[in-house]
Ligand SMILES: NC(=O)c1ccc[n+]([C@@H]2O[C@H](COP(=O)([O-])OP(=O)(O)OC[C@H]3O[C@@H](n4cnc5c(N)ncnc54)[C@H](O)[C@@H]3O)[C@@H](O)[C@H]2O)c1
Ligand SMILES: O=P(O)(O)OC[C@H](O)CO
């Protein structure tokens, strides 16, 4: 062995295995507030950061977030601030919960205030332009930090009320953590957040978890559109199932696991979001399917509908890596390219017939498609 080998003399860096006692939550919307309440109820010291000082002052005075979760009081252990340095001082971990379009700017800002503690992104989307997953965006802006994600089937108003909820918390494992997963940042965060009604599962498949959370929003818009247009349960079940196929194919192409996609952050969230008008994504689709013009949806109020921008960033990414995502493409066409909803879904239903698992790789023209009719016409001319 070469005694001058640098690796022999470099200090051994032990993973930081301290329990997570205090948590900063960045973003005082519905989900940030619900997560802050969850962590405080689990016994953590929690600081919730909001960008609007007037809103923060109102939350401090009222002991609740009247704007986003008006019916639930804050538990003990939760304080609010509009000062990011105060929010993260002494934090053992950070939950980043602003809309995906703001994550890069928030991460850049956070990095100025934070030591090397783990950061978990709780937003669901893919960055416009770069096609980067949220954890990669944060990793690029906060290179000294372990970056993980927290995702799953979670309506904020239910979690805040203490209805039993389960999530997946994922972060990369070192080789030592693979041998002892309970020492990983994801597991330590799961311990910090868990309570009798909040049940975290632990994973190291960050990309698999993120793909589920991003794709389900686009599929929920599709389900809403079809339901709003007057179709029923058969159609919705088909969209959910084929949407899951799109999710699995993309996750696998990006190095994630298909099994992760069958978990809480994939099937779990797809089922929840595509089944309820509590979902903003499903609800946008419903309104569009009913013929309401986009500016009039939600009564004209600005509502965070992540699937709307994700429809573009997701399909750009899928095209780049060569994964076909016909439902997501249809949503993109309708939302962003002025395509007619009825015609687009008719075309979706008469796409070439294929094998159900993608591995059964063949296709033939669907009898109802224009191509098939042309082919038959030529054959019988
Ligand atoms: N609401 C839910 O049930 C739920 C559940 C799971 C995940 N999520 C995800 O959480 C993320 C946030 O959603 P939400 O429901 O909390 O949204 P929200 O509309 O309830 O709140 C968004 C918050 O982000 C702040 N914000 C908006 N733009 C910002 C910017 N540019 N910089 C800093 N802050 C900004 C707003 O002031 C507000 O406090 C989304 O990615 C969503 O998909 C939401
Ligand atoms: O209201 P949505 O459609 O943004 O969905 C909220 C959560 O992501 C559901 O898990």
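The backbone N, Cα and C atoms fix where each Cβ goes, and this holds for glycine too.
Binding of substrate is attributed by TrEMBL to 280, 281, and within the candidate set 124, 248 the record adds 124 to that site.
Matching 68, 201 to the NADPH binding residues that TrEMBL gives (31, 51, 124, 156, 280, 304, 306) identifies 68. According to DSSP, the secondary structure content of the domain 'Glycerol-3-phosphate dehydrogenase NAD-dependent C-terminal' (205-343) in residues is 105 helix, 0 strand, 34 coil. In the three-state DSSP reading, residue 154 (sn-glycerol 3-phosphate binding site) counts as coil. Cα separation, residue 216 (active site, proton acceptor) to residue 269 (sn-glycerol 3-phosphate binding site), rounded: 7 Å. Comparing C-alpha positions, residue 29 (NAD(+) binding site) sits nearest to 68 among the binding-site residues 51, 68, 269.
The binding-site residues close to residue 27 (NAD(+) binding site), defined as a CA atom within 10 A of its CA, are 51 out of 51, 124, 152, 269, 281. Rounded to the nearest whole angstrom, the C-alpha distance between residue 156 (NAD(+) binding site) and residue 68 (NADPH binding site) is 9. Comparing Cβ neighbour counts within 10 Å across the binding-site residues 31, 68, the minimum falls on 68.
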